[in-house]
Amino acid sequence: MLDWFSEISTPLLILGGMALAFGALLGFAAVRFKVEGDPLVEQVDALLPQTQCGQCGYPGCRPYAEAIVHGEKINKCPPGGQSTINALANLLDVEPMPLDAEHGEEKETKMVAFIREAECIGCTKCIQACPVDAIVGAAKYMHTVISDECTGCDLCVEPCPVDCIEMVPLETPLQGWHPEKPPEGIELIASDRRQLSKRSAA
Amino acid sequence: MSSEQQQLRRESALERRAAREAQLIASDQKRQKARALRPNDFPGGVYPPENKHQSTGEPIGSIPLAEQLVVPLLQHTGSTAIPLVKLGETVLKGQKIAEADGLISCSLHAPTSGKVVAIEPAAVPHPSGLPADCITIDADGEDRWCELQPCEDFRRFTPVELLEKIRDCGISGMGGAGFPTAVKLDPHGGVEIDTLIINGTECEPYITADDMLMRERAEEIIAGVEIISYILDEPERVLIGIEDNKPEAIAAMRAAAEGTRFDIVVFPTKYPSGGEKQLIQILTGREVPNKGLPANVGIVCQNVGTARAVYRAVRFGEPLISRVTTVVGKALERQRNIEVPIGTPIKHILKAHGAHRGLMQKVIIGGPMMGYTIDDTSAPVIKTTNCLLVPTVEELPPAPPAQACIRCGFCAEACPASLLPQQLYWYARADDHEKLQAYNLFDCIECGCCSYVCPSSIPLVQYYRAAKGDIRTAEQEKEKADRARERFEFRKLRMERAEKEKQAKREARRKAAELARRQREESGGAEAEAAQKEADLVAAALARVKAKQASPEQQLARAQRSLTSAEGRVERLQQKLEAAEEKQRDQLAAQLKAAELKLQEARQKLAEAERQAETAAEAGRESTPGQDDPQARAQSAIEKAKAAAAARAAMSPAEKLAGEIDALKARVEKARARLEKACSAGDANVEAFEKALQNLQQKLEAKLREQKQAGEEKQ
Amino acid sequence: MSLMRATSPHARAGDSTAKVMLQVAAATLPGVLALVIYFGIGVLINIALCSITALACEAAIVKLRQRPVAFYLKDCSAFVTALLLGIALPPYCPWWLPVIGASTAIVLAKHLYGGMGYNPFNPAMVGYVVLLISFPVDMTRWVGPAEIINGAPGIDEALSLVFGFGGYNVDGFTRATPLDIVRLNESVLLSQLYATEPVLDQGTVAGLGWEAANFGFLIGGLFLLFRRVITWHAPVAMLGTLTLMSLLFYDSGSSLSEGSPMLHLFSGATMLGAFFIITDPVSGATSNKGRLTFGAGVGLLVYIIRAWGSYPDAVAFAVLLMNFAAPTIDNYTLPRTYGHKSARRATDLEER
Ligand code: SF4
Ligand code: SF4
Ligand code: SF4
Ligand code: SF4
């Protein structure tokens, strides 16, 4: 009888003790290493281009990031383009998909807004439209774009009553230029080679 | 023996001992110095054929002045200079034509006298081949100097004044990247400079500009070194490093340095011993820390050409407007060094040296190891152009196609920075930025040794340059994105706050009105009742304004009406207040306050109604009232943009064009309506609206033309 | 006039991959010569068979992968692989051994991993090990030196041995290798063994023929070192470790001794391995420190397998095992870059 009892009780005690110890450890870890906020949203947001253009259908990049975390498709951001989609796919461990054309196309060159200052009537409409406060000016005074802060989101062009805002390609200064990676040559796999020959033929 | 004699003997013994000690100390010092000056070696390096004899046969020559000189605004590391001259202005030789923009920048001077004929982008010597802003001067051929300020004795000036002078004369490093010299010579935040290194190494094959300069202008260089050493508060050691393949230059420099405390250190020839970091390692055994500057280890490094430029600037007040350049290569009839004004077009130089068009395959600025090619020879010589290399195909054949890396490790053995080029190559191809940084990509000095030895002829350096650029761009973009995010969040916060404040105000107004009504009910004055009625009327009008079914015009009209009535009421109340008796006064004051608030509100509503009317007119349809929440407005704009984008994406080019035309037409209409309204209202902006309308019409016409053309092409 | 755009450097040292490979091939000459002198022309037949197979496989695969065939054959890397495999195989082995070995080396070990420069394992050694495991009997039959077996097989004998006609049996020529002899010995002192076994008796330190061949490869290796095709790190580390280990377990020549250092250095495939196999850059470690580690590892493993393993020679196994370790070695042996206080680890940034 006693034997039987101890045979059962020893493993029980050991297992129970272990369960307690690990439970305590886990509990401690949960408190000690608690992560503030939703880290995934932060991570997704960090990958989005922060153009804040709203082309994705959300009023800014962060709302879109939140939506993505809640299951929205990852291919709705034209400014970020394919590279952003790939990065998101990598982060969220899903298949990368092509950009959803419904939201616009990826632009080749970076653009910034430019206000033809002589024509500006100082209506402040563009200031209200700019999501990143990149336009300075006061009512009835000429406005101008801080091109360093402008994300090229296009939102200020439409509201201007005198149509004096245009998007100009962002110039690369000589200091910022760098050579391209050498073209992939001999070591290409077959399909790439065909593409390459097509490209060189064009 | 007399005590005197003893004294004498003792003294002579003391003297002897002292002399012996002095001698010992001196020889010890000599030994120490010899030990200190023994050059070290650096890892890696290669021994490319030197090819220096071609251009050292003749003394430094000169060529006739070019008709037009092109002075790029960016010839140095840092920000582009700001032009000081206007188009058509006449300038004198040496006159300042562009001012440094900020600290790390360099001013520019006219290389000859003449007229400024253009300030616009032109071809510049840059690996990108992109044009950049230049000042073009039509030489008048007289070469008239502006007034200069010579100075016999530089020691009369403080180092700060001398630095100012150097900055003013636009001197930047003449050996490598062209870092502004004044910045380099400035005492760096308290670090003590104990060693000044003058770089006469010139390790690149073919280039002999510094070599010839040292042979022919050694005194000027030494004089310049004296000035630099004075500015740096006389560093303990001044070392002039020269490779042992320039015996004439070494002899000339030794002769010129006679009687100074400067040491000429000669060391074996090996590429890239002239790299700043490598030279420091050779001469002092120290290493410039990663991400640091030579100044961090107490060293300042200057090129011999720069030293000479400093001398000429301080002694004669001459700005940096000419330099010695090697013109070399088998495609030329004459190979030598020339002193040319900065801004001389390269094709002018090539012509003067009999460039053979058939043989010329590329023009390299700099040497064969680190130089870059240009494709437009109208680019000018700039402050950093130390060599024009015009080789034939046989001389420097184009690289054979790259093969796979066999990981032979030759590159790692040749790398002076002890990197693993084969691993960097691997990760650069895979765009693995993290790994590239782990393998210290940014310590690569782009010397080209690895590509030089690679048996698979992989353009390794190009991979590194591209990868470095990509990483930098990515970092900048990240930074910009972070800033945009911050600004966006801030704006959101601000708008929320504004919204809250508005809400609070509304609340306060409501409370005030409540209070007033209660008071009125208590007092029950006839006048107050009338006022109350009127106030109700206003409220009703406002409610109507708010109502959705009202058209914008109606809303506007109503708002205006209510405003007038509210104004009238306030006036009346004020009059009454004046006429009223003492005890009623308080009540009336409260009423007045309420009425005034109403008035304010009415004004606001009016403004808003006006705005809505405008937007409604713009859209040519019913407006959506109640949009005082900017976020909602942004949302609707977004919706609109989204719809438009979606529509655009689905369309063919012709359809797109048609769509654009339609949009433009709508905008033209909008603009016209706006203009008419502005005209009738006597708006101050009528002109602007007119112009905008014209602009839009022009755009529309252009698009229509395009459409027509496209249509014709189709047929 | 259109000017060419090119990136620096515009000058090149003029080395080419083919040149490097051909130098390696040339450096095997003394060793091969010694093998021919002492063991007859069997090794040449092996080399020829391996080369033909390897080049054919290379061409076929390159063609399959749709790349320029001539361009790839010109780099000679397939030839060098075949050469090394041919040297390592036992002379007069049946013809299908070299053919299988070479095709395994090229197809399996090289091209399946992406071709030249991408193979994690030394192709020649993969080929060798595949054969050794699949056909242990054929792979361990080494003919004795010519003097002991009364003359190496002539051309006709050799061909009939290799292609299996004429009823010759290779057993008539085979003898135990010095390493085998020492390993299997458990009863007599080493000195007695040296006196009784003809192979050891007629040689000086490590067996007739074997020592000459190893000496030949040593000379070839020195040539490569002189030409700076290889660095000294891996060979020195391997030979050093091997010497150290054999000294430790020499046991002053008792019957349990595992053989003298000289025996280990100059017998088996030691020198071939040290200068030609472990210096293969593709599958080895990258930095000099890494090469030292890699070489030492190979030396240690070679001794362990020779002394206590069941295979007579161990270079192939040791090299393959160390190939596994190469990426890890690389990670911990980055050189100290200019301007850095200490060397980094490649995974530092990721672990942070
Ligand atoms: S579409 Fe615009 S707002 Fe949306 S995530 Fe992309 S950049 Fe941000
Ligand atoms: S200035 Fe215009 S384009 Fe630039 S961020 Fe602001 S709204 Fe967007
Ligand atoms: S030199 Fe060329 S082939 Fe050799 S390891 Fe370096 S990159 Fe690879
Ligand atoms: S270019 Fe960079 S990686 Fe190549 S040898 Fe020079 S420093 Fe080393």
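Each Cβ is built from the backbone N, Cα and C atoms, and glycine gets one as well.
Note that TrEMBL annotation is computational and uncurated.
Residues or ranges marked as region 'Hydrophobic' in TrEMBL: A:1-30. Broken down with DSSP, the region 'Hydrophobic' (A:1-30) shows 29 helix, 0 strand, 1 coil.
Under the heading transmembrane segment, TrEMBL lists A:12-31. Distant neighbours of the transmembrane segment (A:12-31): none; no residue of the same chain at least 6 beyond its ends has a Cβ under 8 Å from one of its Cβ atoms.
The feature domain '4Fe-4S' is assigned by TrEMBL to A:36-94.
In the three-state DSSP assignment, the secondary structure recorded for A:Cys56 ([4Fe-4S] cluster 1 binding site) is coil. Around the Cβ of A:Cys56 ([4Fe-4S] cluster 1 binding site), a 10 Å sphere holds 29 further Cβ atoms from the protein chains shown. Taken from TrEMBL, the feature [4Fe-4S] cluster 1 binding site applies to A:Cys53, A:Cys56, A:Cys61, A:Cys77.
According to TrEMBL, the feature domain '4Fe-4S ferredoxin-type' maps to A:111-140 (among others). Here the domain '4Fe-4S ferredoxin-type' (A:111-140) has, by DSSP, the following mix of helix, strand and coil residues: 8 helix, 7 strand, 15 coil.
The 10 Å shell around the Cβ of A:Cys160 ([4Fe-4S] cluster 2 binding site) contains 22 further Cβ atoms across the protein chains shown. In the three-state DSSP classification, A:Cys160 ([4Fe-4S] cluster 2 binding site) falls within coil. The annotation [4Fe-4S] cluster 2 binding site is assigned in TrEMBL to A:Cys120, A:Cys123, A:Cys126, A:Cys160.
Summarising the annotation, TrEMBL assigns [4Fe-4S] cluster 3 binding site to A:Cys130, A:Cys150, A:Cys153, A:Cys156.
Annotation source TrEMBL lists domain '4Fe-4S ferredoxin-type' at A:141-170 (among others).
In sequence order, the binding-site residues from A:Cys77, A:Cys126, A:Cys150, A:Cys153, A:Cys156 that place a Cβ under 8 angstroms from a chain B Cβ amount to none. Of the recorded residues, A:Cys150 ([4Fe-4S] cluster 3 binding site) and A:Cys160 ([4Fe-4S] cluster 2 binding site) place their C-alpha atoms 16 Å from one another.
Ranking the binding-site residues A:Cys120, A:Cys123, A:Cys130, A:Cys160 by Cα distance from A:Cys53 ([4Fe-4S] cluster 1 binding site) puts A:Cys130 first.
When DSSP labels each residue, the domain '4Fe-4S' (A:36-94) comes out as 30 helix, 0 strand, 29 coil, counted as helix, strand and coil in that order.
Only residues 6 or more beyond the boundaries of the domain '4Fe-4S ferredoxin-type' (A:141-170), in the same chain, are considered here, and those with a CB under 8 A from a CB of the stretch are 49-54, 79, 109-117, 119-135.
Sequence-distant neighbours of the domain '4Fe-4S ferredoxin-type' (A:111-140) (same chain, 6+ residues past either end, Cβ-Cβ under 8 Å): 52-54, 60, 146-147, 149-162, 164-170.
For the pair formed by A:Cys153 ([4Fe-4S] cluster 3 binding site) and A:Cys123 ([4Fe-4S] cluster 2 binding site), distance between Cα atoms is given as 20 Å, rounded to the nearest Å. Apart from A:Cys120, A:Cys123, A:Cys126, A:Cys160, the [4Fe-4S] cluster 2 site neighbourhood in this chain, defined by C-beta within 8 angstroms of the site C-beta centre, holds A:Ile115, A:Ile121, A:Gly122, A:Thr124, A:Lys125, A:His143, A:Cys156, A:Pro159, A:Pro161, A:Val162, A:Cys164, A:Ile165. In the structure as shown, the Cβ atom of A:Cys61 ([4Fe-4S] cluster 1 binding site) sits within 10 Å of 29 other Cβ atoms. Between the binding-site residues A:Cys53, A:Cys123, A:Cys126, A:Cys130, A:Cys130 has the most other Cβ atoms inside 10 Å of its own Cβ, all protein chains included. Taking A:Cys53, A:Cys61, A:Cys77, A:Cys120, A:Cys123, A:Cys160 as the candidate binding-site residues, the subset whose CB lies under 6 angstroms from any atom of ligand 2 is empty.
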